[in-house]
Amino acid sequence: MKGVLRLAGFILLPIIAAVSPLLALPAVTSQFGAAGWAAIALGQSLGGAAAVIVELGWALNGPQRVARAGLRSRKKLLAIALSTKTAALAPMSAAAAVGASLLTSSYSFEAALMAVGAAAVGLTSTWFFVGTSSPLRIALADTFPKVTTISVAAVVISMGGPLWAYGAAVLLSSLASPVISVLMVGLSRTDLRGIGPRRLVWFLRAQLLALSGRAVSALYIALPITLVGLAAPGSVALFAAVERLQRMGLSVLQAVPNFLQAWVGRGTDQSERLRRAHQSVLINVGLGLSAGLGFAILAPPVSRILFSGVTDIPIELSMLGGLLIATVCVSRATGNILLVALRDIRSIVRSAIAGAVIGVPLILSLAAIWGPAGGLIGEIVAECTVLLVQVFAAFRLLRGR
């Protein structure tokens with residue numbers, strides 16, 4: 001019964017978190033049109049890529065480590081993670097802000113502020129509470145601040161307030177999240193003892209392998225809007241509409257592999273963990289197919305409501321978005337669950353590199369030719385490449401056992 005309640009918590013929380021941006025999008029598009037939406041989307045894209053660096057790969061190798069650790073070790077892990085993330089935030093948020101302001105022809109300040117807020121999302125401790133199977137703490141530390149601040153921003157903007165209120169809301173909730181996490185876990189100076197400058201550099205280096213895969217994958221996961229903006233500026237608003245909706249959907253779907261990560265990590269031995277990892281892959285295959293079909297059908301009518309008629313998603317783009325969602329759901333399980341259980345982080349990094357090498361030039365070139373459809377096709381090919389590399393690596397390791 002406890003497992004069912006935890007799963008329900010992990011599923012409901014991303015749904016609630018996804019609703020908060022949905023409240024703000026109609027306000028943004030109705031008050032500031034396609035130009036305002038494009039600026040916000042570009043800021044989110046660059047900030048999201050920076051957040052991947054700030055996050056330092058803890059979401060990849062952290063949950064299963066936390067699930068196996070005792071209370072004292074868990075606190076130490078969280079202290080190390082927050083220290084390393086804080087060190088990475090300043091340079092990455094500054095770079096994202098500068099990039100966003102340079103890429104937007106209007107609302108440059110708003111785009112830069114959104115980029116900083118989105119970069120600070122990398123400070124989240126959600127990965128830690130995934131490892132401890134604590135959905136309630138995720139709600140208190142992450143979901144509640146996000147829903148509250150963005151809901152207030154939506155009201156402010158709809159009443160004629162400034163566009164920068166959206167970016168300020170994202171920044172405020174992103175900074176509040178780690179503070180609340182520290183208070184709930186009860187971190188003290190004792191937990192921070194020994195994390196001086198030299199040790200901090202050592203910990204940063206220790207996360208480089210996990211980070212490298214996440215950082216490379218950001219090129220084709222977090223940056224497609226930016227890439228399309230470079231190749232086909234006139235396509236940004238429509239492409240960003242599809243991208244935003246599918247990423248919202250994927251953030252909700254992330255609840256299932258999040259729950260399964262902790263479940264796999266709690267296996268009593270390696271054989272049990274691998275059995276659970278296999279089951280997790282099958283679950284995500286079914287989830288991806290169902291979610292992809294649902295997106296293909298629902299995205300067009302939903303877009304007409306959310307984007308106030310400014311950018312309507314046609315059925316051909318929603319079908320491409322659905323195919324992308326299905327592929328990502330499967331690769332999340334083969335990589336973050338199965339290959340992590342097999343202790344093969346290097347293959348995850350290789351798959352990310354392969355996806356970036358193929359995906360980035362394809363997104364740029366196809367977007368220049370076919371606009372939003374070309375950008376989506378480039379993303380799909382990148383994700384399929386990632387999946388194929390991961391599946392091949394898993395088969396090779398399992399066959400050798």
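Glycine too: its Cβ is placed from the backbone N, Cα and C atoms.
The feature transmembrane segment is assigned by TrEMBL to 34-56 (among others).
Below 8 angstroms of C-beta separation, residues 43, 46-47, 49-51, 53-56, 58, 62, 65-66, 69, 112-113, 115-116, 118-120, 122-123, 125, 127-128, 178, 181-182, 185, 187, 191-192, 195, 200, 203-204, 207, 226 of the same chain, each at least six residues beyond the ends of the transmembrane segment (77-99), sit close to that stretch. Marked as transmembrane segment by TrEMBL: 77-99 (among others).
Residues 10, 39-40, 42-44, 46-48, 50-56, 58-59, 62-67, 69, 74, 77-78, 81-82, 85-86, 88-89, 92-93, 96-101, 103-104, 137-138, 141-142, 164, 166-172, 174-175, 177-178, 181, 185, 258-259, 261-262, 265 of the same chain, all 6+ positions outside the transmembrane segment (111-131), place their C-beta atoms under 8 angstroms from a C-beta of that stretch. TrEMBL lists 111-131 (among others) with the feature transmembrane segment.
According to TrEMBL, the transmembrane segment annotation covers 163-187 (among others).
Look at TrEMBL and you will find 222-242 (among others) tagged as transmembrane segment.
Residues annotated as transmembrane segment in TrEMBL: 281-299 (among others).
According to TrEMBL, the transmembrane segment annotation covers 319-340 (among others). Remote same-chain partners of the transmembrane segment (319-340), defined as residues 6 or more beyond its termini with a Cβ less than 8 Å from a stretch Cβ, comprise 60-61, 64, 242, 245-246, 249-250, 253-254, 257, 260-261, 264, 277-278, 280-281, 283-285, 287-289, 291-296, 299, 313, 347-348, 351, 373, 376-377, 379-380, 383-384, 386-387, 390-391, 393-394.
The feature transmembrane segment is assigned by TrEMBL to 352-370 (among others).
Per TrEMBL, the feature transmembrane segment maps to 376-398 (among others). For the transmembrane segment (376-398), same-chain residues at least 6 beyond its ends with a Cβ under 8 Å from one of its own Cβ atoms are 217, 220, 224, 239, 242, 274, 317, 320-321, 323-324, 327-328, 330-331, 334-335, 338-339, 342, 344, 347-348, 350-352, 354-356, 358-360, 362-367, 370.
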With pairs fewer than 6 apart in sequence excluded, do the transmembrane segment (222-242) and the transmembrane segment (352-370) have three or more C-beta pairs that lie under 8 Å?
yes
